[in-house]
């Protein structure tokens, strides 16, 4: 049997309100592309990117979930099997930041107890329109014992760093004996309906 082209498979989720830039972050990382004309994501889509970390080839399966309230019943099932979750807010949108607490509760309710979480304050290139200080982002992350980055999908600021940090944190929690298991337990579950359309930047 031919060897798989990767050693481990990690399922990651991008969670947050609509319009915070989840899809732009995803496409910046997966394709090094940025498009300001993305329409709002309908349902759920995912991208694949394989990275090298600590001498291992890790296949990242990154799911882009719609943030609108009406889609919560759809996204809930996608928490299952997630090993890492990025909670994204827009530094120019106070409501999207306030809702991070709600998303954290949602994760606590539906995701695995040992899932690795990270908070991203996106659109840090728009400092003239900032309404959420970096300190507030750092504090909510610190309060929940999770890591934090400010990112810009537009200017490609800290996007790669965030994904690599999340993958490294997941890898650090996994003993070597789980390598084979990780290949098989987080294979893609096809959603009933997918869209390749994007979200906002």
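Every residue, even glycine, has its Cβ placed from backbone N, Cα and C.
The GTP binding site annotation in Swiss-Prot covers 16-23, 64-68, 122-125, 152-154, and the record cites similarity to another entry as its basis. Its own atom aside, the Cβ of residue 153 (GTP binding site) has 27 Cβ atoms within 10 angstroms in the protein chains shown.
The compositional bias 'Polar residues' annotation in Swiss-Prot covers 184-201.
Feature annotation from Swiss-Prot assigns S-geranylgeranyl cysteine to 200 (among others); the stated evidence is similarity to another entry.
Sequence annotations record features per position, and here Swiss-Prot assigns S-geranylgeranyl cysteine to 201 (among others).
Swiss-Prot lists 175-201 with the feature region 'Disordered'.
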Please work out which residue of 16, 19, 22, 65, 124 has the most C-beta neighbours within 10 angstroms of its C-beta, and give that one of the binding-site residues.
22
